[in-house]
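Asks: The following block contains the structure, expressed as structure tokens.
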Amino acid sequence: MIEAKNVWKIYGKGEAKTIALKNINLKIEEGEFVMIMGPSGCGKSTLLNILALLDTPTKGEVYYKGRRTSSMSENERAIFRRKISGFIFQQFHLIKTLTALENVELPMMLDERDKSYRRKRAKKLLEMVGLGDRLNHYPHQLSGGQQQRVAIARALANNPKIIFADEPTGNLDSKSGMAVMSILKGLNEKGITIIMVTHEQELTKYASKIIKLRDGEIVEIINK
Ligand SMILES: Nc1ncnc2c1ncn2[C@@H]1O[C@H](COP(=O)(O)OP(=O)(O)OP(=O)(O)O)[C@@H](O)[C@H]1O
């Protein structure tokens, strides 16, 4: 479904040049639970952002369902980011001035959906992640684990096929981290492809594929 062919990412020039990714080749099928792992600075987030079409490779190509993403229009890329995929960040990135419910409604705003549909769906998603009693709380009134669950509900708003997650448990204690992982596992069992970055070895039990990076190169791909 997603394929990277000879992908390189080079930041800067001359003395400041960093080769973040070196000739990455990989294939991710629909329904997989992929973990991108490796030491700090090895290129994990760079690779995730490129696969999520948030960034572009310096060289090489990313294909989505056989389609060369570099030949997509900006509008098609925006549709991929808004409707086909959802993104979860380590720092949650919720809008501070909006309630949990309003944060989840936000990605649905650009669609022709009426307010009552948006409200109903946001409520249902927040109930699904166990926050039915926190609908009108603002982010600062929620724990880190609860904020990340709001972020998951928000990522699901437009019914994505793929969830990209960059260290989604990185800011959480182990209990909240496990709650987040069990939600992601449940979504994967419903057919959503999960592609996440983590450095936590104990999370690999959830993965169907582990991509190990070192210094911008794939050193191992483990299919379980
Ligand atoms: N915007 C940028 N400009 C210049 N260099 C960058 C930029 N983003 C990342 N890099 C460099 O590219 C390399 C890979 O960074 P990346 O964030 O992908 O690594 P990572 O494996 O996700 O690291 P961490 O686990 O510490 O988050 C690093 O050497 C980093 O300093």
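Placed from the backbone N, Cα and C atoms, the Cβ positions cover glycine too.
Pasting the feature list from Swiss-Prot:
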BINDING   Gly38, Pro39, Ser40, Gly41, Cys42, Gly43, Lys44, Ser45  ATP binding site
DOMAIN    2-221  domain 'ABC transporter'
Asks: Within 10 Å of the Cβ of Gly41 (ATP binding site), how many other Cβ atoms are there?
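Replies: Gly41 (ATP binding site): 13 neighbouring Cβ atoms within 10 Å.
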Asks: Residues other than Gly38, Pro39, Ser40, Gly41, Cys42, Gly43, Lys44, Ser45 within 8 Å, Cβ to Cβ centroid, of the ATP site?
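Replies: Nearby residues not in the site list: His199, Leu213.
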Asks: Including all protein chains displayed, how many Cβ atoms other than that of Lys44 (ATP binding site) lie within 10 Å of its Cβ?
Replies: 26
Asks: Among the binding-site residues Ser40, Ser45, which residue has the largest number of other Cβ atoms within 10 Å of its own Cβ?
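Replies: Selected residue: Ser45.
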Asks: Long-range same-chain neighbours of Gly38 (ATP binding site), Cβ under 8 Å, sequence gap at least 6?
Replies: Lys44, His199, Lys212, Leu213, Arg214, Val219
Asks: At 10 angstroms around each C-beta, which of the binding-site residues Pro39, Gly43 has the fewest other C-beta atoms nearby?
Replies: Pro39
